[in-house]
Ligand SMILES: N[C@@H](CCC[C@H](N)C(=O)O)C(=O)O
């Protein structure tokens, strides 16, 4: 392996990522190396890492290679693996565009949550087909300190608990993960969203992400809260045959989410590459001996 490894840094509504292009899947990135790269003091810093690999070169993506040339091997900032990242997939597409691997228009990206269709507009935002939400039945409770709320279980490929609150400040500092019950609802942990109304079909959230802590945005989380809000508001596009669009304000910006009558969810938002550089492979070896 060369002594320098290329990286880029990007964000989508301030959900920020270290991007490691590795078309042939030649770079060893165990959890400790990912956590070190995402460390905001001793590393580059990021909520997560986007390992950019050709689908054909990755054992988890080979079967998607005919449909999608590139695989988003997404990792959380603590090194754990997640099924899907909505902001990440937009940033991933922006990277491919900047690298000349794709042009504007429609592309497909393989993820652990399946192949996602991405539209890169000529200027500005990127739209992702996020698939359908699953809404498992069962009462969920989310707690922070002395406060508890009923929550909606929404699966966007990854798990979410959505709690409507009176005030986003009631979620406290979110330094520790919110508690949830029953534990059996989320055997692999959960992303927790706290939501308030801002106006008709306009909501705002704070999120505590599994594997990252409180972040400035979560794309799958924004989709989960839009679906939970729609059901609460009596808007089920499958029943009304009318798309439901929600504007979701996150601490780092704004996402627009539309659920169509067939259940497919589209998310539109920005994706920005802010820097590129080189990782010292010798340093990486010290955190990944
Ligand atoms: N920030 C992401 C979600 C990343 C994965 C999540 N932390 C998990 O573990 O499920 C997004 O924009 O969707």
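The backbone N, Cα and C atoms fix where each Cβ goes, glycine too.
TrEMBL labels come from automatic prediction, so no person has curated them.
According to TrEMBL, the features are:
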- 15, 76, 86, 87, 158, 191, 209, 210, 219, 220: substrate binding site (BINDING)
- 85: active site (ACT_SITE)
- 85: active site, proton donor (ACT_SITE)
- 218: active site, proton acceptor (ACT_SITE)
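The structure, with features from TrEMBL marked on it.
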{"residue": "15", "record": "substrate binding site", "Cβ contacts under 8 Å, 6 or more apart": "47, 48, 85, 87, 88, 215, 216, 217, 218, 219, 252"}
{"residue": "86", "record": "substrate binding site", "Cβ contacts under 8 Å, 6 or more apart": "12, 128, 130, 156, 218, 219, 220, 221, 222, 223, 267"}
{"residue": "158", "record": "substrate binding site", "Cβ contacts under 8 Å, 6 or more apart": "82, 83, 84, 85, 113, 191, 210, 220"}
{"residue": "209", "record": "substrate binding site", "Cβ contacts under 8 Å, 6 or more apart": "47, 76, 191, 215, 218, 221"}
Inquiry  = Using CB atoms and a 10 A radius, I'd like the single residue among the active-site residues 85, 218 with the highest neighbour count.
reply    = 218
Query = To test your reading of the substrate site: which residues beyond 15, 76, 86, 87, 158, 191, 209, 210, 219, 220, same chain only, put their Cβ within 8 Å of the Cβ centroid of those residues?
reply = 48, 82, 84, 85, 88, 207, 212, 215, 218, 221
Query = According to DSSP, does the residue listed as 'active site' fall in a helix, a strand, or coil?
reply = coil
Maximum Cα-Cα separation (Å), residues 15, 76, 86, 87, 158, 191, 209, 210, 219, 220 listed as binding substrate = 16
Inquiry  = So, three-state DSSP: helix, strand or coil for the residue listed as 'active site, proton acceptor'?
reply    = coil
